[in-house]
Amino acid sequence: MYGIEYTTILIFLTSITLLNYILKSITRIMDYIIYRFLLIVVVLATMINAQNYGVNLPITGSMDTAYANSTQSEPFLTSTLCLYYPVEASNEIADTEWKDTLSQLFLTKGWPTGSVYFKEYTDIAAFSVEPQLYCDYNLVLMKYDSTQELDMSELADLILNEWLCNPMDITLYYYQQTDEANKWISMGSSCTVKVCPLNTQTLGIGCLITNPDTFETVATTEKLVITDVVDGVNHKLNVTTATCTIRNCKKLGPRENVAIIQVGGANVLDITADPTTAPQTERMMRINWKKWWQVFYTVVDYVNQIIQTMSKRSRSLNSSAFYYRV
């Protein structure tokens, strides 16, 4: 009898010991797996740059959602500012450390070092082809030039407003503009745009649809063209498609994270003459022409007042964002 009891106790103790060993082994294996996984995650995290992607929006929507202006009560600790200037500014200043100097001056106005970006462009024509607006707030300095007044006005109309655009196939279709907010925007290295209005029988009015030489020329070798024709009338178009892209666009409203500072000139360029443009002269301003150092000093002095007229945006934009595809 005692032998049976001892055997039972021995088997019970052996089972407990074996179970304890199995549990410890499982624990060690799980620890190894978890620690190895965490190590892999840490290593990969240092090697991979995360990227946020947007979502497709309906035709009635805008990729540019305005946020409440946070500049009223707090410094710009979480905002970025892009300052766009012509190359002649840096050429005149001729100082390799001028940007660092301005960054320190912006710091005195509440903009932390690293939050202000300086973007150089060659000229108005080149900038209009690819106006990249990356920051929460974007200030564009444009030196007035009477020979480029039309280019400056069209560029201002483009970047101060949001546009919803579709591609156009001008080889197959006729197009008409439905209302005053409907424009055709052409961009490229060289854009020549010709139009031929059509009657109800699709015959040219004062032109032959088979002969582009008889079309009305509305732009010649320009980099940016905003074409406005008579509403409700079909048009046959001829565009230098090898060097230019044309799109059918609808003006949605003001892009309030952009402001233009005209440097010099007798008057501020007025784009509000367009019936589709709501008055927005507070984001189109002028400062007297001086040396470029004086221009930048003036911008630093008044940057916070300028920002008060703008709204911070939810995302940065590049040139493709001007073309909202359906």
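Here the Cβ of each residue, glycine as well, is placed from N, Cα and C on the backbone.
Of the listed cysteines (CYS191, CYS196), only CYS196 is recorded by Swiss-Prot as the disulfide partner of CYS207. Between CYS244 and the candidates CYS165, CYS191, Swiss-Prot annotates a single disulfide bond, the one to CYS191. Swiss-Prot names ASP228, VAL229, ASP231, ASP301 for binding Ca(2+) 2. Of GLN104, GLN132, GLN148, GLN177, the residue it gives for the same site is GLN177. Here the disulfide-bonded residues are CYS196, CYS207, CYS249, and the one whose Cβ sees the fewest other Cβ atoms within 10 Å is CYS207. Least packed by the Cβ count within 10 Å, out of the disulfide-bonded residues CYS165, CYS191, CYS244, is CYS165.
Checking each of the recorded positions CYS82, CYS165, CYS196, THR214, CYS249 against ASP228 (Ca(2+) 2 binding site) by C-alpha distance, the shortest gap belongs to CYS249. Looking at CYS165 (disulfide bond) and ASP301 (Ca(2+) 2 binding site), their Cα atoms lie 38 Å from each other. Put plainly, the recorded positions CYS82, CYS135, VAL229 were compared by Cβ crowding within 10 Å, and the winner is CYS135. Just so you know, the Cβ of ASP301 (Ca(2+) 2 binding site) picks up 11 other Cβ atoms within 10 Å once every protein chain is counted. When the Cα atoms are compared, CYS196 (disulfide bond) and CYS249 (disulfide bond) turn out to be 19 Å apart.
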